[in-house]
Amino acid sequence: MRFLISSLLSGLALLTSLHAFVLALPREYSISMSNPFHESLFSCPAASWPRVKLGSENTPQEPSKDLRKILSQISPKRIETTIRKLVSFGTRHTLSTQTNATYGIGAAREWIESEFQRYANASDGRLTVKVVGYDQQADGNRIPFPVRISDVVATLKGEGDPERVYVVSGHYDSRNSDPLDYKGIAPGANDDASGVAVSLELARVMSQRDLPRPKATIVFAAVAGEEQGLYGANFLAQSFRNSSTNVEGMFTNDIIGSSTADDGTKEPHVIRLFAQGIPPLNVENQAMRERRIMIGGDNDTPARQLARFVKETAENKHTDMEVSVIYRLDRYLRGGDHRPFLEAGYPAARFTEPNGNYAHQHQDIRIDKDPKTGKDIQYGDLPEFCDFDFISRVGKVNAAALWNLAMSPGMPRNVRVNTTALSNDSKFSWDPPAGGNALVGGYEIVWRSTTAPFWTHKMDVGMVQEATIDLSKDNVVFGIRARGKNGERGVAVLPFP
């Protein structure tokens, strides 16, 4: 008993000493006694090092008047109508009939084309529509017999830099539990009528005659063959590559239909954006890859720079969404149509809902037991499980990103940092974007700490193609971006030695 009392008194004395120590700390080291292991105990004034008084804070870019108008016109009701119409075709399996007027993927394709064409007819020639495709032979996997793969493509041609292209897509094919069942019902409301609905809605709104034309070209696509092996997207990406098209960004919207997880958790104001790290070897060879890793550039690939741009321009009160950038190609065991674009050498990223509910993806329509709870639940990718307001907000995120991309200058080329001599400053050089300097109002150097995910600082260096900054290249990550004549920011590019 005496030992217990002695131990308690010793412990009390220790806590009293700790409290006195905390009270004596300078303000910058202060911690809360309700949380004595507060993180500031392990921090110090040097935590923000390197401390520099250069440039300014890199704040989010506010949407322009034209963009605010676009965002205000994206309609949840139209999106719902599109999804229900696509579901009405019974199945949109890539192998399903292409000759039936009301059932199967052929009927769905013709309806999508007619909708794009309807918007084109109202656009005063701004929007053009075509169906492109090829005959895919049996692949010994999910294509057991030859089939026509068709993509529906609507193009809003830019005015100023029309050779620079941005692509947004959703896949209109669907499947149920059996990836080879091309006769059974496969509604595909979320996967991926939701993504197609966004492509259609953005084409409708952005092609209106009372809006200015974008500077760059925007392509709105509905592709097939995704569930069977990303065939339609691969065909589209390779078509762009074979024609040397300058695609500076691609987004796929795949499974963006629900804000509710399988446990009922709701995240109605969050969208995930998956962005790949190290590019495929066919895009950057081994020597280039080793060089990127050597300079710590594995987190500054074109796809991740594109994702940073989305975060900076599309996360605001007008979209009412948080863009959760995931530094990963895709979810585990899943794939998407951004991958063929990445493999073709284009920056690309995938939007997808915050939490998956696998009872409503790739499932036969049925009532069955929930393996977790044992209760009967409805299986199947049905419209009743879609959140149309959520989809419209995802559409707004896409619209904000695409419009800002298409109205800003393209990416600077041949961006370099001088490493010929040891120094504590950083000297950069670059060439204008592929479209030249016609849309450029100046250039900015941006930077962040090596552990920060997004740009934190910027410095406007004017209409130049080289600049030196009094901040060591060893201590931060730099990027160079073009700025439009009205302040529109472009995508930053990592400088290589």
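Glycine residues also receive a Cβ, built from the backbone N, Cα and C atoms like all the rest.
These figures come from a predicted structure and were not determined experimentally.
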>> Can you find which of Asp124, Asp254, Asp262, Asp263 Swiss-Prot lists as binding Zn(2+) 1 at the same site as His171, Asp191?
In response: Asp254
>> According to Swiss-Prot, one residue among Asn121, Asn299 carries the annotation N-linked glycosylation site; which one is it?
In response: Asn121
> If you count the other Cβ atoms within 10 Å of each Cβ, which of the glycosylation sites Asn100, Asn121, Asn242, Asn418 comes out on top?
Replying inline: Asn418
>> Just to verify a number: CA distance, His171 (Zn(2+) 1 binding site) to Asn242 (N-linked glycosylation site), in angstrom, no decimals.
In response: 22
> Counting each residue once, how many in the domain 'Fibronectin type-III' (411-497) are helix, strand and coil under DSSP?
Replying inline: 0 helix, 43 strand, 44 coil
> How long is the line from the C-alpha of Asn242 (N-linked glycosylation site) to the C-alpha of Asp191 (Zn(2+) 1 binding site), rounded to the nearest angstrom?
Replying inline: 29
> What is the separation, in Å, between the Cα atoms of Asn418 (N-linked glycosylation site) and Asn424 (N-linked glycosylation site)?
Replying inline: 12
